[in-house]
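Okay, handing you the structure first.
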Amino acid sequence: MSERKVLNKYYPPDFDPSKIPKLKLPKDRQYVVRLMAPFNMRCKTCGEYIYKGKKFNARKETVQNEQYMGLPIFRFYIKCTRCLAEITFKTDPENTDYAIEHGATRNFQAEKLLEEEEKRIQQEREDEELNNPMKVLENRTKDSKMEMEVLENLQELKELNQRQAQVDFEGMLDRYREMERRERERIKEEDERETKEMLDRALVKRLRDSDSDSEKEEESSSQSVTSRADKPTDILTTDQHTEAQGASSGGVKRAKVESWERSVGTLGSRGALSSLVVRKKPAVTVNKSEETTASPLTSQPDSKTSMADASNASRAAQNGSSSLSLLGAYSDSDSNGSD
């Protein structure tokens with residue numbers, strides 16, 4: 001596959017470049033080149049601004065009888081983009097820049113002109129001092145005098161600023177120290193207040209915990225008392241306890257309740273089997289010393305308890321007689337059966 005952009009040409013074996021005729025072209029001939037504007041410029045004809053980097057199809061030529069250290073200088077011709085006026089500029093190898101010739105003015109060139117003027121003055125001074133020592137002394141005295149004037153002017157400006165400002169630096173430092181002290185005190189007070197609040201909260205929490213613990217202990221003690229008082233088997237011996245309490249209050253001592261009675265419980269008077277069992281009569285003993293020492297106020301309850309004991313004894317006698325009759329009937333029936 002052949003190249004799309006061919007840069008090399010084919011030369012046949014019998015090619016002789018000396019046989020090619022030479023063209024006689026003028027030395028100031030022009031070439032058309034593509035370039036960009038090297039600086040900002042303004043057209044003198046219409047006032048159009050041409051900025052740096054604008055592309056042009058320019059004509060290029062070599063400047064005759066003008067060189068810089070053997071380097072040729074080239075001139076370029078462009079046209080304004082608005083009025084098509086011709087603008088020319090050329091190369092400046094001495095300053096490595098371009099120089100405008102006619103048709104436009106270069107913008108932002110004041111600094112460059114100032115630098116060129118300073119360079120020119122410095123060069124003239126060096127040339128004068130090269131062969132004239134008195135001129136060197138005059139220039140030094142002039143420079144020292146100028147430096148003294150500059151220092152005096154600077155000192156006057158400083159004094160003027162101090163008179164107008166009237167700043168009290170010591171007062172400013174004192175105020176700053178006072179502000180720092182107040183800030184430290186404020187931070188210290190806040191820390192103390194926070195620690196006090198934390199201690200108060202901890203104390204309240206401890207008091208609440210102790211109150212709750214005491215309440216829990218009271219509740220547990222009350223529950224234990226009620227649990228000790230209310231036993232499931234106390235229902236069976238309630239009558240015996242009440243009878244014992246009544247006898248003790250009336251001054252009568254009853255016999256000790258048997259263990260089998262506590263375990264079995266009391267029998268109802270209306271039960272069908274209550275007549276079959278003969279209850280043992282308790283021995284009633286009266287404490288004479290209590291009777292003598294008893295007051296008239298306690299005589300009434302003693303009489304009541306004695307009446308209750310008498311009724312209980314009569315009931316027990318009736319139950320005993322009925323049980324004896326039943327036993328006699330059973331024995332008669334047994335004897336009849338045996339007969």
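Here the Cβ of each residue, glycine as well, is placed from N, Cα and C on the backbone.
Predicted automatically and left uncurated, TrEMBL annotations should be read as such.
Just so it is clear, the model here is predicted, and its values are computed rather than measured.
According to TrEMBL, the Zn(2+) binding site annotation covers C43, C46, C80, C83. Residues annotated as compositional bias 'Basic and acidic residues' in TrEMBL: 181-213. Residues or ranges marked as compositional bias 'Polar residues' by TrEMBL: 235-247, 292-319. According to TrEMBL, the feature compositional bias 'Low complexity' maps to 320-339. Sequence annotations record features per position, and here TrEMBL assigns region 'Disordered' to 181-339.
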Count the other Cβ atoms sitting within 10 Å of the Cβ of C43 (Zn(2+) binding site), across every protein chain shown.
20
For Zn(2+), what surrounds C43, C46, C80, C83 with a Cβ no more than 8 Å from their Cβ centroid?
K44, T45, G47, E48, T81, R82, L84, A85
Output, ordered by sequence, the same-chain residues six or more apart from C83 (Zn(2+) binding site) with a CB under 8 Å from its CB, or 'none'.
C43, T45, C46, E48
When a 10 Å sphere is centred on the Cβ of C80 (Zn(2+) binding site), how many other Cβ atoms does it contain?
20
What is the number of other Cβ atoms found within 10 Å of the Cβ of C46 (Zn(2+) binding site)?
12
DSSP helix, strand and coil counts for the compositional bias 'Basic and acidic residues' (181-213)?
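The composition, in the requested order, is 33 helix, 0 strand, 0 coil.
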